[in-house]
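Listed features, source Swiss-Prot:
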type	residues	note
SIGNAL	1-17	signal peptide
DISULFID	CYS56-CYS74	disulfide bond
DISULFID	CYS67-CYS80	disulfide bond
DISULFID	CYS71-CYS119	disulfide bond
DISULFID	CYS73-CYS90	disulfide bond
Amino acid sequence: MKLSVIVLVASFGFAVALPSKKREETAAENELTGDQQDAEQHMIYAVAFPEIRTSCVIGWKQQGATCERDCECCGVAATCITGDKSTGFCGYHQTPNVLGQGILYTADTIKNGFSAIFCAG
């Protein structure tokens, strides 16, 4: 009788201890999976929107410089971000959403194309 009670208690102890170790391993795996997903998201963003370093035409302004029109800024999608003022600064519209960033980049590129036509005069 004593032996069966000891076997029962030992079996119960093993049954309780085993899942807790599995939970710790699962938590560690989930943490690694989250880190991996963050790294993959960053890589997707970097591939989808590469930062192209090119020299600018003399007279074009770098990112952060003051401007009045889009055609003054260096970069395909660089725009003159004005807000409520007449003068602004050269920069890029940004959003944390990859799809939204692609849409903004495309819209700014098209807008800069038209802006270049009107600024040429």
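All residue numbers here begin at 1 and follow the chain in the order shown.
Backbone N, Cα and C define each Cβ position, glycine as well.
A count of other CB atoms within 10 A of each Cβ picks out CYS80 as the most crowded of the disulfide-bonded residues CYS56, CYS80, CYS119. Sequence-distant neighbours of CYS90 (disulfide bond) (same chain, 6+ residues apart, CB-CB distance under 8 A): LYS61, GLN62, GLN63, GLY64, ALA65, THR66, CYS67, GLU72, CYS73, CYS74, GLY75, ALA78, THR79, CYS80, ILE81. Cα separation, CYS56 (disulfide bond) to CYS119 (disulfide bond), rounded: 16 Å.
Secondary structure from DSSP puts CYS56 (disulfide bond) in coil. Counting other CB atoms no more than 10 Å from each candidate's CB, the disulfide-bonded residues CYS67, CYS71, CYS73, CYS74 peak at CYS73.
According to DSSP, CYS74 (disulfide bond) is assigned to coil rather than to any helix or strand.
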